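Q: The transmembrane segment feature in Swiss-Prot is assigned to 15-35, 58-78, 103-123, 140-160, 171-191, 218-238, 251-271, 282-302, 340-360, 366-386, 396-416, 422-442; the stated evidence is sequence analysis.
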């Protein structure tokens with residue numbers, strides 16, 4: 001019996017430990033700034049029991065209702081084979097509603113994702129600057145070097161991204177677990193001094209706060225958005241853990257530690273109002289302060305690294321779903337494909353971080369520019385979830401819809417309370433999001449138009465093969481593969497090959513690689529083959545958006561299904577379109593020029609599908625768009 005209890009205890013601790021870095025490391029540094037920043041917005045909040053108890057009550061119930069009930073109970077149940085995130089939710093919702101509304105859902109999903117991108121690139125700056133500014137309060141000489149130190153840390157952080165392997169996750173999880181325990185212990189000191197602070201859990205203090213400060217009270221959410229928006233990144237990463245593991249680690253470890261610390265800070269501010277500028281480190285004993293500063297910097301780097309990893313993952317997902325051009329993606333771990341590194345995204349975000357710090361300079365200004373994109377994304381997540389549950393027949397349907405409607409109303413007020421940030425610098429992430437959206441929609445629309453343009457005169461494959469018999473073309477030994485982007489259409493590469501070379505191989509494969517909405521495709525459903533006439537074969541390979549197509553794997557399944565193929569005896573014919581700008585209105589001409597630029601800088605099928613370079617024959621085709 002004792003052995004069973006020990007195993008259960010060990011299992012519980014392992015659950016917390018395994019999720020702590022990936023899911024909750026992002027929120028780890030927030031106790032340093034969340035309380036003090038709630039008071040510095042010049043909204044007339046007095047440093048008294050009413051304000052302190054009220055703000056603590058708001059933090060507690062907001063985290064409970066939005067992060068725990070909304071996300072960890074309801075939203076995580078809406079997933080695609082365990083995968084979450086706004087793109088996944090968009091895809092699931094689009095399937096549930098009528099086709100006329102699908103376009104609107106997709107556009108809203110893309111807009112929210114891009115705006116969220118614009119916001120989350122600010123979080124690393126906030127995490128790192130918050131710690132350095134706290135250090136400068138105790139070590140005044142640091143104040144002159146905040147900018148230089150921040151840039152140095154960012155340079156180090158972005159430089160090591162390619163070196164970080166999945167195996168480091170255990171080290172990061174251990175450090176963040178220790179940090180959360182330390183955060184809780186620091187808070188306990190304040191609670192011990194004034195235990196009455198725990199009464200702030202009572203929602204009556206929240207109500208009294210809103211009664212007294214009226215509309216101004218909502219502006220507290222301008223700071224709290226930093227805490228609650230982390231739930232969107234948590235939703236993106238749910239695929240690596242079970243729902244029960246995520247709920248346990250939040251409810252029994254992370255949430256209590258954060259709230260204990262917040263209550264401790266509230267207690268010390270009530271007793272020593274002068275500590276409002278640095279309540280977190282005010283609770284730390286003098287002898288432990290240097291260690292805590294050092295540890296906090298390390299945690300801020302790990303927290304920032306998690307943000308960057310989430311950005312890499314979202315980018316790869318967008319690439320695989322066809323919303324971004326093919327770009328170089330490196331897998332830094334042989335064990336799990338989630339640990340990836342994307343050089344161009346890494347350095348774009350590094351440049352963005354440098355610009356942020358250069359323009360906005362301090363923590364308060366950085367917090368002022370954060371929140372618009374996040375709350376829009378959170379509201380759309382709620383809206384999409386409402387549509388999902390409305391179409392789904394299940395238990396407690398009415399209760400779920402009522403709860404989500406209530407949350408949507410609350411999020412509307414949070415949006416209003418953050419809207420003033422647009423004139424305070426909030427335009428920065430919005431502009432970034434608009435640029436990102438423009439790139440995504442341009443690539444998706446123009447790629448589709450290009451496919452239509454290059455295939456609109458094509459006959460069906462079977463008719464094409466039938467007509468080839470009349471030409472009596474010379475046949476040579478070996479196998480040729482022609483990449484096809486659309487079903488039942490003739491690849492341009494074979495048309496140009498026949499036109500210029502006037503020969504065909506004995507075995508000809510029309511290969512169509514499809515990316516499905518699911519994260520993974522079962523191995524037994526990976527490849528479908530169709531035997532056509534005259535030595536022609538049709539092959540369709542299916543991959544999930546989390547998987548990377550591999551020509552060797554496709555050939556392996558083809559061999560199992562009856563086509564004898566050898567990569568080193570196969571020639572791959574790939575079309576290389578040279579795009580020329582045709583006559584268009586000026587606004588469409590700008591979009592076309594952007595597409596031409598993206599197309600020229602995107603990677604071709606050779607890299608995308610790991611095709612051996614010495615087996616590739618590229619055929620240049622000039623296309624007017």
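Even glycines carry a Cβ here, placed using N, Cα and C.
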Q: With the transmembrane segment (251-271) as the reference, which stretch in 58-78, 140-160, 218-238, 366-386 has the largest tally of C-beta pairs below 8 Å?
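A: Comparing 58-78, 140-160, 218-238, 366-386: 58-78 has the most Cβ pairs near the transmembrane segment (251-271).
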Q: Other than its close neighbours in sequence, what residues sit by the transmembrane segment (366-386), given a CB gap under 8 Å and a spacing of at least six beyond its ends?
A: 33, 37, 66, 70, 74-75, 78, 86, 89-90, 92-93, 105, 108-109, 111-120, 122-123, 125-126, 129, 222-223, 225-226, 228-229, 231-232, 235, 356, 360, 401, 404-405, 407-408, 411-412, 414-415, 418-419, 421-422, 424-430, 433
Q: Can you name the far-off residues of the same chain, 6+ from the ends of the transmembrane segment (58-78), with a Cβ under 8 Å from a Cβ of it?
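A: Distant contacts of the transmembrane segment (58-78): 34, 84, 89, 92, 200-201, 203, 206, 209, 217, 220-221, 224, 227-228, 230-231, 234-235, 238, 243, 246-247, 250-251, 255, 258-259, 262, 378, 381-382, 385, 388, 400, 403-404, 407, 410.
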Q: Below 8 Å between Cβ atoms, which of the listed ranges 103-123, 140-160, 171-191, 282-302, 422-442 makes the most pairs with the transmembrane segment (340-360)?
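A: Stretch with the highest Cβ contact count: 140-160.
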Q: Count, for each of 103-123, 171-191, 282-302, the Cβ pairs lying under 8 Å from the transmembrane segment (422-442), and report the range with the highest count.
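A: Ranking 103-123, 171-191, 282-302 by Cβ pairs under 8 Å to the transmembrane segment (422-442) puts 103-123 first.
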Q: Flag the pair the transmembrane segment (171-191) / the transmembrane segment (282-302) as in contact if three or more Cβ pairs fall under 8 Å (sequence separation 6 or more).
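A: Checked: the transmembrane segment (171-191) vs the transmembrane segment (282-302), in contact.
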Q: Hey, which bits of the same chain come close to the transmembrane segment (103-123), Cβ under 8 Å, at least six residues off its ends?
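A: Cβ under 8 Å, 6 or more out: 26, 86-87, 89-91, 93-94, 97, 226, 229, 232-233, 303-304, 307, 310-311, 314, 318, 323, 349, 352-353, 356, 366, 369-374, 376-377, 380-381, 384, 387, 428-434, 436-437, 440-441.
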